[in-house]
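**Q** The annotation domain 'TM7S3/TM198-like' is assigned in TrEMBL to 276-479. TrEMBL lists 272-289, 296-316, 322-343, 350-370, 382-402, 414-436, 461-479 with the feature transmembrane segment.
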Amino acid sequence: FFFCNAGLLELSLGKFRNVLLNQTNPVEAVIRNIASNVTVVIFQVHAQQSDVVISFDKNPSVNSSGTGVDKGLVSILRPQQTVCTWYLRSLDASQVLSTALSIPYMEKDPIPGGCNLEFDLEVDPNIYLDYTLVDIHIKFAPANLGYMRGANPPSCDSGTGQNSRWRLHYDVYQYFLPENDLSEMMLMSHIRKMSEVQSIRANGIKMLSLTADDKTNVYFSSLPGQGVIYNVIVWDPLWNTSAAYIPVHTYACSLTDLVDNCSSLSKLSTKVVFTAFGVLGLFACFFGHRFWKTDLFFMGFIVSGFFFFVFVTRVTGLGYDVRLILTAVAGITGGLFLVASWWRFGSVLLCMFIIGLVLGFLFSSTVFFTPLGDYKVFRDDVVFWVTFSSAALMIPVLFVGCPRILNILASGIVGSYAVILAIACYVYTSLAYITLDLLRRVLNDYFSRAYTNVPFQTNDFIVLSVWAMLAISGITVQLRRERSEVPFPPHPYLTWKRERERRSTNVLDPSHHIPPLRERIHNKLLHIKEFFQKEQPAGERTPLLL
């Protein structure tokens, strides 16, 4: 890396330069000796978190400058022009590290943002990004056809034939920065891979293609704390030429806030609840079938907690911490209710249907977590939910004849995934989005338009291995231990009734002579009272007989 913090920055076409910017002294960026076959130069500058002003003039105006962390300008070259100049400065009082790049294009290359009608610049090659905790929205101006120096630009609205800008196609690319690395130098080194056409195609993930008839805005699922770079390549099929817009990056969180910043995304309430949930899941993973009531409580907690959180989020405006605590209470109540229902009615079939639905829910969520979930057909909510529900219901239907196997599989797989959710509170992993993206779709009416691609890097492979190891170990241990046992415990209520009737009719049974509970408690209290009474002195306790 080479740094420049002087007032003049000499650039070469296609070469990156790092530059330190400040608020008071603008840096003049200059490119000299531009070849005559170059018709357009796109100049861009990138910073991590502090806004940078880039302009054609030393005193920037709205129509000749751009402000942001990822900004660029298009210079349309005049005949005989060999020099281009731009001005850079930061809006921050302290020095800001940035990287600058200029890319040349020829007369047959399309011009990004050449048909801008929405933003301030006449030709605007920038991608505009905004985010929430749920989704990321990018939008950009349509491109125009390339043309030679000194000629008038092709009309943007003269027609829709093959000789107009309507023949252009747009490819949207996504690139993930390394997980758990929020450093400036990491961003500067990787944003270079998403700046030029060839490197974008080599390193980026092509998410979708748009035609000139489509709206030039796209939605993605938000990944707070994970750095992502987006860019768009415009392609002219007639000349088979391409040009790149200005890449834009986001972490979907604030790097500067003192609270809830990119380094401390998980709230304390989230850590407490999901750590306890993970411990319970770990127990269910290895001992779920043996401790049947605990397993029922675990599954009931998941079902009631999920539906209650959806309800309270949709209906009320309560804060996140309050909703999470109420959800935990509702989950405990639901778990106890399922255990009580089993004790009273003893319906294995009903309990196994609920447990099978939980496993089916996780299975279906995992299927849509794959690239299959980004297929255009699933943008339709009806198609998505019918397919999702069918996949979820398939699990209890397939295992209807072997409920013990179903319960062991469910406790092993779901229990081990609960451990993964607990790990995700402390270390970033994309596996948490298996269920989180589904929750987002339930809670947000417009999340269906978002592409849900996530990174899969070293952390994710390690966590996936942990999940697989726990699930396989838990299932194996339970299958070996339970193979000689009865499939399920007997009906607890009927067992209790039979035992009570046996004791009341069989006088030879020692338990028949056990006093009632009330009398036993009273005797126990008397015994405790006598234990604390002061001992009487030894000796004669009656008057002497005269």
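Backbone N, Cα and C atoms are what each Cβ position is placed from, and that goes for glycine too.
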**Q** Check for me, if you would, whether the transmembrane segment (296-316) reaches the transmembrane segment (382-402) - at least 3 Cβ pairs under 8 Å, residues 6 or more apart in sequence.
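**A** No, the transmembrane segment (296-316) does not contact the transmembrane segment (382-402).
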**Q** Across the domain 'TM7S3/TM198-like' (276-479), what is the average pLDDT of the model, as a whole number?
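**A** Its mean pLDDT is 92.
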**Q** Counting only residues 6+ away from its ends, which parts of the chain sit with a Cβ under 8 Å from the transmembrane segment (350-370)?
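**A** Distant Cβ neighbours of the transmembrane segment (350-370) are 295-296, 299-300, 302-303, 338, 341-342, 378, 384, 388-389, 391-396, 399, 403, 406-407, 409-411, 413-414, 417, 433-435, 437-438, 452, 454.
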